[in-house]
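Copied over from TrEMBL:
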type: TRANSMEM; residues: 6-24; note: transmembrane segment
type: DOMAIN; residues: 10-118; note: domain 'LiaF transmembrane'
type: TRANSMEM; residues: 36-55; note: transmembrane segment
type: TRANSMEM; residues: 67-88; note: transmembrane segment
type: TRANSMEM; residues: 95-113; note: transmembrane segment
type: REGION; residues: 124-170; note: region 'Disordered'
type: COMPBIAS; residues: 130-154; note: compositional bias 'Basic and acidic residues'
type: DOMAIN; residues: 211-325; note: domain 'Cell wall-active antibiotics response LiaF-like C-terminal'
Amino acid sequence: MNGTLFHRMIIGLLLIGAGSLFLLKEFNLIEVDIGSLIGNLWPLVLIYFGSWGAFSQWKWGKGGSQWIWSLIPVVLGFYFLGQNFGVIEMSFGELIRLIIPIALIVIGLSFFFRPRKNSISYHNPYTHDGPLDPKSEMNPDKKSGKSPESDPEIKLSTPTPPDWTSQKQEWKQFKADHHKHYEHHVHEMIHQEIHQDIHTHFHSKHSKSSFIGDIHLGQDYWELEPLNISQFIGDTVLDLTKAQIPYGETRINVSSFIGDVKVLVPNDYEVGINAITSSFLGDTTVLDKRIGGLFKNTSAETPSFKEAEKKIRLVTSTFIGDVTVIRVG
């Protein structure tokens, strides 16, 4: 399928779906939180552009392992998508440690299947395996007595390869146009969210999500339940000091693409804390540990975690931002 036609179909389907969704919501035919929907499904953008980049490199590229790097957004997209829906419990650091050896293996295998430069040949339609029949009308010696090589008017042409330079320029122009359409679509959705109070405060829900804005949970006294918090752009603050913590183990997942994550846990000997944090870029402070840099994965737990009757297992992951888990009290 032509790349331009494929992109136009995808953009058209997205606009039709978004318009239908807003229309049904306007007539109160469906009840849906647009901010929550975007906050959960934003990784599809990474999956789409990564998949198209890998396909383009594989089909129109020069071969080799260039297409593998386009798969990185695809993997990150599926990871954050699984985190948002509570399907994937793997931390970001564990994912990185798994991706690196697999990427090395795939890149190594690509060297065995890389096409050779001299393996491509072009067939000359004017060459023949044997001499022509002297009586044939196609024989040039019949009338002129000259061979094709000696006659300057007779030119042997060889098919030229496609003009990749012009196709590359067309591809860049299309990506620029597609990016403008995408930004316009996102701005329209953000404009709708502003009228619905884009700065969201969440209470008594098992799943919290936000596209743009801050998430604050635990400002009042509340009962702690298993939580799954997903954030695209914005800070996340989770205060567990005022929470009524049930007996047994309670799991909390917090994922953020860009923004800081701060979790306040009670300094209570009856409550055991086990925290696993991962960050691509940013500082990490977990209980008594503090580290910084790239690809950081930290885990810590209170001394009485295994014996505690009330346990909190906290898993946080962020792409760009600081992660802070501290005890208060």
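Using N, Cα and C of the backbone, Cβ positions are placed for all residues, glycine too.
A TrEMBL annotation is a machine prediction, not a hand-curated record.
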TODO: Please give the sequence-distant neighbours of the transmembrane segment (67-88): residues at least 6 beyond its ends with Cβ less than 8 Å from one of its Cβ atoms.
DONE: 39-47, 49-51, 53-58, 61, 95, 99, 103, 106-107, 110, 207, 209, 228, 230, 253, 255, 257, 317, 319
TODO: Go ahead and report the DSSP secondary structure tallies for the domain 'Cell wall-active antibiotics response LiaF-like C-terminal' (211-325): helix first, then strand, then coil.
DONE: 0 helix, 76 strand, 39 coil
Task: Mean per-residue pLDDT computed across the domain 'Cell wall-active antibiotics response LiaF-like C-terminal' (211-325) - done: 86
